[in-house]
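Enquirer: One structure, as structure tokens, below. Some questions next.
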């Protein structure tokens, strides 16, 4: 029997304005259009997994508003098991996103019900977490809840992928529980600033090395269009190239990568750097489309995309 991949994290309704360019502070500009999409880093990663064909369960919390049904229905439609979702009073999570023509964006997250996901909620689903093939987490829920997730996965020996976004100082205990830490360059610097104030590191190998010294087992440093740099106990120090595509919206590129990496490792049995190559392809496809969950590709699309290219691994 296939084990489920469990995603623990946020669900947001994304309120997205498309503009020609991002406004300067204090500036008013005219937008091109406005749409709403299902989002939240946790939900995005769950949808990425489900679209690829993985059995995935989502643990999170929704509010008592109309957004909750829209978010729940979106996950169900994608094939995510939503039976572990919980509800609370008040508003569901929302995100205000402004996306420019060049694909860059600004994002303001209002946690809403996500902030009510507590450690005891995870304890309620301890068995599901302990039996998972892998667990994915992010930092859009309470810090104490993420700490609890780290303890549960570590005690059960379940691989734990942590996307440290939005980045803040993480405890040594949490870092030691992480199997794969997946920051982008900005997030990595913020994490390191908390432990090594004022230290500026110029290269991905230096950044990854310092993160590993904090106790993380493996690091995947996301480098945007350039791909990723990988280092740690389970992978050789390796660059994996990205793909050149026409960028429309980068909002969920990191979520697409994390979901795809987990799928490749758990469902396809790929070695880490092959899984990263696959995940880079999935992320590349996602940025050619608008929206977060709506941008996640299906497996057949990814296979067709990959047939056009060959992996590049640079030591």
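Cβ coordinates are placed from backbone N, Cα and C, and glycine is handled just like the others.
Fair warning: this is a prediction, and the values are worked out from it, not measured in the lab.
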Enquirer: Say TrEMBL lists 222, 223, 224, 225, 226, 227, 254, 255 as binding ATP: which of 114, 184 is in the same site, per that record?
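Expert: For ATP, TrEMBL names 222, 223, 224, 225, 226, 227, 254, 255; of 114, 184, the listed one is 184.
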Enquirer: Kindly point out which candidate in 140, 147 is recorded by TrEMBL as part of the substrate site with 12, 13, 14, 40, 41, 42, 43, 44, 255.
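Expert: Candidate in the recorded substrate site: 140.
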Enquirer: For residue 227 (ATP binding site), what is the tally of other C-beta atoms lying within 10 angstroms of its C-beta?
Expert: 26
Enquirer: For the binding-site residues listed here, 184, 286, which shows the highest count of neighbouring CB atoms within 10 A?
Expert: 286
Enquirer: Work through the binding-site residues one by one (225, 249, 286, 291) and name whichever has its CA nearest to the CA of residue 255 (active site, proton acceptor).
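Expert: Smallest Cα separation from residue 255 (active site, proton acceptor) among 225, 249, 286, 291: 286.
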Enquirer: Using a 10 angstroms cut-off on Cβ to Cβ distances, just flag whichever of 41, 289 is the loneliest among these binding-site residues.
Expert: 289
